[in-house]
């Protein structure tokens, strides 16, 4: 039954698809003056993106940017990632499957840079251009890396911590992951800035809680408990920062110390509006997705791409969070 | 393998395992004393190690951190007492939180209805687990492993992979963070009340006696005229109900249902049950032990954090404590049995 239904509707589907493709390619021709050509006749170039996750709001924003670029540049994009950012093995099997589908280009956000090297080599031998996004891969294979400069972004957070605390007293860091490059840079960029620029600001503790809101809240409470005179607390991603906010609220310490976060999410945005959190750094996840697909298309077309594409970051607080440029990259 | 207690009654006597001989009860008490002593030692150690550990705000923090996994562990105690296992409680809890979100925010149902709906979701998951184990004869490990994945997937699908926030639901965050008893968050109160209910159910009611009896000797229990299949379904459903309660408490504390959470919480719950002296082979277990086990887990994590011990070492420490607890149990069983 399903077979007959399929064959019946198939011609209509093909017609619609053909018309759409025609329209889109006409549009593309008008824009670029007839650029690429691609592999298959009439087939859109296919860019497979393997991300670090998909359920997290951040990755949904990356996907949004990728979809925008896909529509604009007339390519087909798929987006997938493991459920949690610790499932390195699952991500590798996703990467393997993606390669087996012979995409025209591959975008990859490595959970574990080292572990993915064999598959990177595999991609190279198959002639599939690879664009790294979000965090770098220690390999020569990726043509470029589209990412936030996390060291600079964390230093920006530190700069605001120094300003808001007056550069004196005890502060602490609640990290989300001590094994990924991103997780490490979010801490080291902050710590290095403080050590160089604010010798009177003492980082008394750095704890990690895997970015899990509940565990981050409990960890942040322990830090606050052990350091009643803490002046500032910095959470390095949405989960960690949300946990810090939760801890400060549960202990009734809102306003007693400077809380600085990273990324967005409703809990964090609300905390900034309510004054529990002083401000946060946001990456530009829409930009990451967009630039990744754009770089992938450039690579398919044989164009040169810059070795590093910085997708940028912003500091935002109560005053600036509604600015259009910032509001666009914040997510609930 | 042979249980020291064989059923001597065939009709009226419902519990062949728990009370008929002195052995098991004596061993259980010993296990509880040991677990409690462990908790006291850990408390004493951290009190000396950090001046901030014994502050009430920190004790409150420990209790609050225990509540969610603690409530799950209460239900898990019943399942483990039958000799089964429930791996679906972690992601099942998340699904219950998500469904609570759907009921309260998407459908706009009244608070009490939404909360009961969340708890009922857990009971339904447990019922399915029970039916799969009892009537489809799927081993508990596999049946609940599959349910773990189903629940995780459904959480992501139903929530659209986005957290559901309860900001517009008046009073929802009070469920966990309000203080009916001044100074004590409701989440902790719920945990304690749930523990008392679970304790009565396990030691004083049919479901508890039959659960222990099934775990002690399933065939003998069946021969003595007890409908083992039906009672197993009841046990898994009860465990699911506790999972639902845990989901509501977690959602309330975070004021949101986070669809990505939950995986790994089941192992913490199981660890709490095992540290508390409930045998993974079934037939033996107490709620008091489970409560102490859950407290040991969270006290250890809290204390190590207060001492600024890195997270890597916190995990090592918790793992070693689980090994010690189970080994102590084995040693004692070897002597007694």
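Heads up, the Cβ atoms here are built off N, Cα and C, so glycines get one too.
As written in TrEMBL, here are the features:
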REGION    B:1-22  region 'Disordered'
TRANSMEM  B:33-53  transmembrane segment
TRANSMEM  B:59-80  transmembrane segment
TRANSMEM  B:111-131  transmembrane segment
TRANSMEM  B:138-158  transmembrane segment
TRANSMEM  B:187-212  transmembrane segment
TRANSMEM  B:233-251  transmembrane segment
TRANSMEM  B:263-280  transmembrane segment
TRANSMEM  B:287-307  transmembrane segment
TRANSMEM  B:313-331  transmembrane segment
Which sequence-distant residues neighbour the transmembrane segment (B:33-53)? Criterion: at least 6 residues beyond either end, Cβ under 8 Å. 275-277, 289, 292-293, 295-296, 299-300, 302-303, 306-307, 321, 325, 328
Do we see three or more Cβ pairs under 8 Å linking the transmembrane segment (B:187-212) and the transmembrane segment (B:233-251), pairs being at least 6 apart in sequence? yes
For the transmembrane segment (B:111-131): best-contacting stretch of B:59-80, B:138-158, B:233-251, B:263-280, B:287-307, by Cβ pairs under 8 Å: B:233-251
Can you find at least 3 Cβ pairs under 8 Å between the transmembrane segment (B:233-251) and the transmembrane segment (B:287-307), where each pair is 6 or more residues apart in sequence? no
Residues outside the transmembrane segment (B:59-80) whose C-beta sits under 8 Å from one of its C-beta atoms, at least 6 past its ends, are 86, 89-90, 93, 126, 140, 176, 183-185, 187-188, 190-191, 194-195, 198, 201-202, 207-208, 211, 215, 235-236, 238-243, 245-246, 249-250, 253, 265-266, 268-270, 272-274, 276, 278-280, 282, 285-287, 290-291, 293-295, 297-299, 301-302
Cβ contacts under 8 Å made by the transmembrane segment (B:263-280) with residues that lie 6+ beyond its boundaries: 28, 31-32, 34-35, 38, 68-70, 72-73, 76-77, 80-81, 83, 85-91, 93, 148, 152, 215, 286, 288-294, 296-297, 318, 321-322, 325-326, 329, 333
